[in-house]
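So the structure is just underneath, and the comments pick up after that.
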Amino acid sequence: MQFGEIRQSSALHPGKILLLFIIYSLLWFGTLNYRHLIPSDEGRYAEIAREMLVTGDWVTPRYNGYKYFEKPPLQAWATATAFQVFGIGDWQARLWTALTGFLTILFIGFTGARIYSARAGWLAAVVLASSPMWVISGHFNSLDMGLSAFLVAALCSLLLAQTSHNKTSRRNWMWACWIFMALATLSKGVIGAAIPAMVFIAYSISTWDWKIWARLRLFSGTILFLTITAPWFILVAQRNPEFLEFFFIHEHLQRFTQDAHSRTGPIYYFVPLLLIGLLPWVLQIPGSIVQAWGERRREFSSGWLLVCWFLVIFAFFSISRSKLPGYIIPIFPALALLIGNRLDQLLAHANSLELPWKLQTIGFAILGCIGFFFLSDISKQARPDEIEAYAQYTNWVIAALVALITFSAFAAWQSKRNGVQSIVSFAFGFFLCAIIAGTGHETLGRAVSGIDLVNRVKASIPEKVNFYSVRLLDHTVPFYLGRTMIMVESPDELGFGVNQEPELWIPTLDAFIARWKEDSTAYALMVPEQYIALQELNLPMQEVDRDSRRVIVKHPDTSNVTR
């Protein structure tokens, strides 16, 4: 996409576009290190990568020292590489999600420019860049953003292949589609190939277009897909014969059909997440779908394929027995492309927006003002030790609301004068609102992360001692301490790993008590209630330090141990 093309169709000067890009990039990446990691995903996936780097085993993922086959290792490889290059830390742990999220915004803009127009592509990127759920997910260390990025890259490559009039370009983009599906599979499993397949089947049935299958490069694409995915699956299965059944049956089939992970929810679970996740643009969804419906009878309808992408993913996870918010993140880029094209049509040649848009921007400014009346509700669920933290977070929410109100009001003022600039102002306000509110969560998340406790005790704990985790799987303390822990009695999500290597854990509290009495160099982590219970049993312990959620103790004889 050339700046000149964008300037001609968007009424935005190239210098302004470049300035916006720089500001957005600085805010996107510059906030990665402000927050500490929080449980469970952020700590878990950072620790898996840390252990991969420390052990040098890049084939068998381990979490807290135990085999962990719930997900493939692509993100762990990327994060371990970031640790190796930049050191171990918070922003390094989030770098992969931030990069994949940011690059997807650019790819959406490029794709929109190719299949629609330069202005539609620019607007699609703006829509995605300001969608709260995309912004927050891009700053949260979980697997969902990486998976979504590669799924969307596969979708965009497919769109570019099917709309290209050049045979070589069509072939190359289809090969890119297969490569991205392979990377999606290495990010989170079979879903990386299953979702594109389901979407394409739905598209073919709804348009009754079966000729398109002849253009998918099925044979050469499958070879590419297997060349990328098969080596790790073969290696890990050779070294761990138990892998295949657990990964494909427990982690895929049972996750979808049974309550294998206790992550159930009603069938409408994702509806509020869709509305909040795409909050500033939800009013454009119906018109965008109607517009795509009218175009579905074309030889190939990009818009209708995007609608199928949205509907299939949303329906698939809505009927699944396992539900988490991040599952629907892949729908937002598809909706962004639809909405970008819709906004482009609304702008037409006049570059001004009608009354409904002005009412929308004013409406959100008013909603921001109403938000001030509910600030006191933020701390209603606070524990006694969290009241001050919630008070601090309220200040961040106020700043987020001010940004939302200011830019929404400015967008309303711009709506007749310059439609594109009005859209950009509106979008930037929501981006600032999301990034401020998300970054400010550190005031609440710091205590949950355990970083202050770790900073106080880390230097005093010898390197070669046994560290027990008593009836607790803490997702962040092991990462910050830089050591694994021996699980006691409650394996939590490490049940598969402890069953495979039972010698690495202690299955009962009584066995732990016996081991503790003999292990004069031992340390242990537990919740305060467990500490009191062990005190009542007169277990010899010396408290090292504590916070509101956890206690670290040591055997009284550890004073003779040197680092």
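In case you wondered, yes, glycine gets a Cβ from its N, Cα and C as well.
Taken straight from TrEMBL:
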- 17-246: domain 'ArnT-like N-terminal' (DOMAIN)
- 453-554: domain 'Aminoarabinose transferase C-terminal' (DOMAIN)
- 17-34: transmembrane segment (TRANSMEM)
- 95-113: transmembrane segment (TRANSMEM)
- 120-137: transmembrane segment (TRANSMEM)
- 143-161: transmembrane segment (TRANSMEM)
- 173-206: transmembrane segment (TRANSMEM)
- 218-237: transmembrane segment (TRANSMEM)
- 267-283: transmembrane segment (TRANSMEM)
- 303-319: transmembrane segment (TRANSMEM)
- 326-343: transmembrane segment (TRANSMEM)
- 355-375: transmembrane segment (TRANSMEM)
- 396-413: transmembrane segment (TRANSMEM)
- 419-437: transmembrane segment (TRANSMEM)
Using DSSP, tally how many residues of the domain 'Aminoarabinose transferase C-terminal' (453-554) sit in helix, strand and coil.
44 helix, 21 strand, 37 coil
Best-contacting stretch, by C-beta pairs under 8 Å, relative to the transmembrane segment (173-206) and drawn from 120-137, 303-319, 326-343, 355-375, 396-413:
303-319
Determine which residues of the chain contact the transmembrane segment (17-34) at the Cβ level, with the cut-off under 8 Å and only residues 6 or more beyond its ends counted.
3, 6-7, 89-91, 94-95, 98, 102, 122, 129, 138-139, 424, 428, 431-432, 435, 438-439, 442
Return the stretch with the most CB pairs under 8 A relative to the transmembrane segment (303-319), choosing among 95-113, 143-161, 419-437.
143-161
Answer with yes or no whether the transmembrane segment (326-343) touches the transmembrane segment (120-137) by the criterion of at least three Cβ pairs under 8 A, sequence separation 6 or more.
yes
Out of 143-161, 218-237, 326-343, 419-437, what stretch is closest in contact terms to the transmembrane segment (355-375), meaning most Cβ pairs under 8 angstroms?
419-437
Taking only the residues in the domain 'Aminoarabinose transferase C-terminal' (453-554), give me the average pLDDT of this model.
97
Would you confirm whether the transmembrane segment (143-161) and the transmembrane segment (419-437) meet the contact rule of 3 or more C-beta pairs below 8 angstroms, pairs 6 or more apart in sequence?
no
